[in-house]
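Asks: The following block contains the structure, expressed as structure tokens.
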Ligand SMILES: Nc1ncnc2c1ncn2[C@@H]1O[C@H](COP(=O)(O)OP(=O)(O)O)[C@@H](O)[C@H]1O
Ligand SMILES: [Mg+2]
């Protein structure tokens with residue numbers, strides 16, 4: 001493939017009006033990199049600067065919790081990295097299909113798209129490292145173990161930074177390759193492959209069965225009432241609940257959307273509901289990270305509220321641990337919302353570009369831009385609301401004995417959880433709003449209006 | 001009896017060094033079906049978009065029922081297109097996740113018609129165009145010709161007085177193309193409405209009441225009528241009239 005490099009060079013010169021499409025994935029990668037490095041730095045600081053040894057094994061607890069937080073963030077981080085890579089792989093729509101028209105093989109064109117997407121990721125990752133360094137002084141102020149983290153413990157070994165960056169670059173390349181497999185590169189254009197939506201009621205039945213078993217188990221263990229039991233309940237509810245959500249999520253969205261399609265009285269509602277119904281699984285994928293986050297917020301928040309309320313006469317180290325767990329949960333939840341919001345923006349940008357011609361034709365027919373914008377926002381925000389409320393209620397029910405206790409012992413902490421969830425929904429809305437200029441640009445490119 | 005529904009005066013539009021419209025004058029009578037032919041890149045789509053208030057010309061005016069639409073702002077033009085004009089594109093460009101009837105009804109719903117009424121009227125149009133029983137199909141489940149009929153229903157369900165069609169049969173075989181043209185002409189000129197159509201296909205053009213030719217942005221009236229072509233009703237008195245056939 002001697003021709004690859006010159007063609008790549010020729011085709012990768014910046015196209016006018018395509019800035020947002022480079023900026024979005026690059027920003028996403030910058031954010032992913034910075035967050036990952038910060039969380040990594042925080043987690044590792046518990047190993048390099050462990051809490052003083054005491055009878056409770058506090059140091060070990062911190063290290064384990066730091067690892068759990070890291071593990072919880074990895075999934076949304078990878079999802080966002082994948083979406084970003086897919087977006088930049090698809091942004092070349094016209095150029096890629098032109099290449100196909102000129103006779104380039106799908107393999108060559110796909111390869112070029114992956115190279116480009118990776119290059120955009122490298123830009124973002126470099127910016128992310130700078131962002132990490134810039135954010136550290138603020139991160140250093142966060143209190144753990146009764147005092148501020150401090151800058152010294154947060155500087156990562158340059159080798160760790162490089163290894164993280166390398167891992168992210170590989171991730172970008174792999175996600176771009178996977179993303180390209182989901183689109184058909186034809187001479188007539190780059191299109192998302194249409195797959196028939198397959199969401200079966202068996203999912204719902206399985207999910208409901210699992211919920212009953214889980215609930216009975218919870219009720220039995222709670223009856224015994226020890227602290228160990230509380231921990232077991234939390235872990236079981238967490239794992240079980242997540243599995244349950246993933247099993248039922250698409251079905252629940254499909255059911256809600258079906259109802260909304262029948263009831264929709266306005267163009268916006270009809271369009272939004274049909275968009276969800278078109279592929280409940282895709283709609284679910286966009287919000288599943290959110291389900292997990294709401295779940296963490298409610299389960300961990302409830303657990304901490306109960307432990308806090310119950311632990312009146314405990315030592316400082318233990319009191320610190322509970323406080324720190326709360327701080328940790330908040331950081332994890334906020335970071336996770338940030339990632340979900342970014343994914344929403346990036347996915348929407350890709351969706352708009354995928355349907356560029358349709359949007360242009362609707363604009364020509366006189367469909368107001370406000371209707372297009374409202375419909376695509378609603379198609380995300382409606383599942384977001386269903387998922388947030390649904391997973392909060394589900395975890396509340398699974399943990400009913402504990403939520404009941406928490407309501408009595410520390411209603412304030414439940415309010416804080418509710419506030420965080422509401423803030424998270426707001427963040428996602430902002431992520432969607434950030435993709436609006438992409439629609440504006442697509443329409444401006446389509447109509448040749450001089451104004 | 002003639003009444004001009006759409007009048008263009010001295011339209012010019014250039015893209016960089018290229019001239020897409022060169023001092024074009026055109027009057028279109030209510031109830032006419034006008035075909036615009038010409039080589040690729042000669043400015044046909046630009047003309048159609050300018051007449052429909054999608055594109056603003058560099059110079060010149062387009063008046064629709066006495067209003068200069070080139071003077072309207074984007075929001076006003078969008079409203080005009082949605083309420084008074086209908087559009088049929090080459091590739092249907094229907095919304096793939098909506099059903100056939102929802103695609104048609106959407107045009108009415110955007111104008112504030114209640115969904116139930118919108119779907120009732122749409123069902124009538126689909127039936128009229130030979131698509132009864134296909135109301136609930138999604139666009140991917142329709143053939144190219146059926147999809148174009150849905151697009152025709154969408155363009156006329158609002159009662160639009162002018163339908164603009166850009167190569168509506170460009171992606172169809174000749175047999176389907178003839179059927180779609182019949183449906184399009186019946187739905188528009190057949191009901192006293194106006195059709196402005198861009199096509200490459202002289203068979204398609206011959207079914208319209210008048211054919212115009214674009215050449216490098218210059219519009220000229222009909223060449224001598226060929227067998228089967230309806231005679232041109234009015235001559236488009238154009239300042240750029242290049243006399244005579246080539
Ligand atoms: N948005 C645009 N930007 C730049 N040039 C354009 C644009 N639209 C049309 N043109 C140019 O204007 C000329 C006429 O185009 P068009 O009206 O699409 O022709 P036709 O429909 O007859 O094929 C062509 O040279 C085309 O390249
Ligand atoms: Mg054209």
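From the backbone N, Cα and C atoms, a Cβ is placed for every residue, glycine too.
Note that the structure is predicted; figures quoted are calculated from it, not measured.
Relevant sequence annotations retrieved from TrEMBL are reproduced here:
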- A:21-47: transmembrane segment (TRANSMEM)
- A:67-87: transmembrane segment (TRANSMEM)
- A:108-135: transmembrane segment (TRANSMEM)
- A:155-180: transmembrane segment (TRANSMEM)
- A:201-221: transmembrane segment (TRANSMEM)
- A:227-253: transmembrane segment (TRANSMEM)
- A:287-307: transmembrane segment (TRANSMEM)
- A:327-346: transmembrane segment (TRANSMEM)
- A:386-408: transmembrane segment (TRANSMEM)
- A:414-434: transmembrane segment (TRANSMEM)
Asks: Test the contact criterion for the transmembrane segment (A:287-307) and the transmembrane segment (A:21-47): 3 or more CB pairs under 8 Å, pairs 6 or more apart in sequence, then answer yes or no.
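Replies: No; fewer than 3 Cβ pairs under 8 Å.
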Asks: What stretch of A:21-47, A:108-135, A:386-408 shows the most Cβ pairs under 8 Å to the transmembrane segment (A:414-434)?
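Replies: The stretch with the most contacts is A:386-408.
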Asks: Counting only residues 6 or more past its boundaries, what in the same chain has a CB within less than 8 Å of a CB in the transmembrane segment (A:327-346)?
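Replies: Cβ under 8 Å, 6 or more out: 24-25, 27-28, 31-32, 35, 39, 42, 65-66, 69, 72-73, 76-77, 79-80, 83-84, 87, 142-144, 286-287, 289-290, 292-293, 296-297, 300-301, 304, 380, 420, 423-424, 427-428, 430-432, 434-435.
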